[in-house]
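Student: Here you go, one structure.
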Amino acid sequence: MASKNNTSPSIMIGETRTSSSSGNKRFGGLRNIPKSWLIAAIIFYCASVITVGLLAGLLPRRTQHITILATPTQSVTTTTPSIITPTATTLTSTSTHEPSICIEDECNPRLSNDLIVHNYTLQYFYNDTTQTHVQGVVIIEFTLKQPMKQIIYHSKRMIELEEPVLYENDIYQFVSTRKYIPHDYISLRLMANASFPSNRYKLVQKFVVSLTDGNTGFYQSIFQDGDETMGKLLSTKFEPTDARKAFPCFDEPHLKAEFIINIIHPENTIAIANFPIDAEALVDGLRQTSFERTFRMSTYLAAWAILPDTYKGLSDNDDEPQLTIWARREPTIKNHTALALKIATGAIPFFKEYFDTAEPMPPKTDFLAVPDFSSGAMENWGLITFREDRLIFDEKVVSTTQKHLLAETIVHELAHFWFGNYVTCKWWDDLWLNEAMATWLSYKPFTVTDPDWKM
């Protein structure tokens, strides 16, 4: 309501008056307002509307900072074993979901079948034997056979995990990232919520792994050497689902890929892996060991180890492929690994003839005794790991039963090269078939090589 007193500054915008007088008009009360006041009010109103609009458009939604490992113009190469040192760029990505709630394909505990993994290029940086963690970087090359809303892969209990960098046909893609911890998933989405087209991709990710998180994944083993000094080695054990503790990966047995492994380690240590050493170099007091590209294999079969120089290898250099038994200095010097080498050199020719193929045999095979290995042995392709009592034999203190158990374990793991590694069940509910066949085959070579053992 407008005041009858003309000195009042009140404004009644939108008031409707009715009068029999022809001189009174709609909004007539505005005629009594000073012109300068009216102009000021209009300017204030317009400024308020503009300010609200700008705030609504410019204020960001809830965000999280993402550290990108390479700039969009960088290219990543996998043809050389040189140290990968991508630069860091800080970008911002929206985060709209809690990691405890699954979204679409994250709810499925199995990965999509609509992808092919080509290879993993892995590099680890272990600069000092006193470290209890290892830095790493992985490059995963894969192809999507069908368009996907999400690209999902595995990672588990990393100390640090940088945000991934994704390339489609070597073209940088800006993606949002989230974790779904119940399934050990990392999920990638395009920022526009579009589908990833069927194409070839390259994913680059840096990470830090704890070496003291149990004796699975990539871990350290502390042992007492013969001279009562303490020793330390690093080893791996991935079966069934702990490769994801050592590097981000598509960690299911049917998603096989080739592996290119590079390890930076102290000069006074020895690095071994699935396949033979391709090149070694000393760089700033550290040894850089690069290994040959492996067969296509499941992630749980990838393996490597960093040994102290007190570990000794016993080899049969006359045979192809070369076999080496690695163990602590004392049992090696005392020839307690000779029986293991004899059994292995007899079993491999038998299996080649029995299966009529040598394709599953890698160019070399290492047999590594790990002091605190959590199971009897593990059939990593080209680098079999054992509990010490399944590889080291002292006939003065070990019974015949233990001798036969050692022999059966070694041959069992070699049998897996043909049945389990070369021919692989798609999922873990068929693991019994892998183990049953390897157990059945583990006694057969002795009917030819050592019939008097009556195994």
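Just so you know, glycine gets a Cβ as well, placed from its N, Cα and C.
In TrEMBL, annotation is done automatically, which means it is predicted and not curated.
The following feature annotations were taken from TrEMBL:
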type	residues	note
ACT_SITE	Glu413	active site, proton acceptor
BINDING	His412, His416, Glu435	Zn(2+) binding site
COMPBIAS	1-24	compositional bias 'Polar residues'
DOMAIN	128-301	domain 'Aminopeptidase N-like N-terminal'
DOMAIN	340-454	domain 'Peptidase M1 membrane alanine aminopeptidase'
REGION	1-25	region 'Disordered'
TRANSMEM	37-59	transmembrane segment
Student: List the same-chain residues at least 6 positions away in sequence whose Cβ sits under 8 Å from the Cβ of His412 (Zn(2+) binding site), in sequence order, or say none.
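Tutor: Same-chain residues close to His412 (Zn(2+) binding site) (Cβ under 8 Å, separated by 6 or more) are Ala377, Ala438, Thr439, Leu441, Ser442.
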Student: Using the Cβ center of His412, His416, Glu435 as the Zn(2+) site position, which other residues in that chain lie within 8 Å, going by their Cβ?
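Tutor: Result: Glu379, Glu413, Ala415, Phe419, Gly420, Asn434, Met437, Ala438, Thr439, Leu441, Ser442.
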Student: Using a Cβ cut-off under 8 Å and a sequence separation of 6 or more, which residues in the same chain sit near His416 (Zn(2+) binding site)?
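Tutor: Residues satisfying the criterion: Glu379, Asn434, Ala438.
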Student: Do you know the DSSP helix, strand and coil residue counts for the domain 'Peptidase M1 membrane alanine aminopeptidase' (340-454)?
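Tutor: Helix, strand, coil within the domain 'Peptidase M1 membrane alanine aminopeptidase' (340-454): 59 helix, 16 strand, 40 coil.
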Student: Please work out which residue of Glu413, Glu435 has the most C-beta neighbours within 10 angstroms of its C-beta, and give that one of the recorded positions.
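Tutor: When each Cβ's neighbours within 10 Å are tallied, Glu413 leads.
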Student: For the domain 'Aminopeptidase N-like N-terminal' (128-301), would you mind checking the mean pLDDT of the predicted model?
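Tutor: Summarising the domain 'Aminopeptidase N-like N-terminal' (128-301) by its mean pLDDT gives 96.
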Student: Give me the Cα-Cα distance between Glu413 (active site, proton acceptor) and Glu435 (Zn(2+) binding site), rounded to a whole Å.
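Tutor: With distance taken Cα to Cα, Glu435 (Zn(2+) binding site) is 10 Å from Glu413 (active site, proton acceptor).
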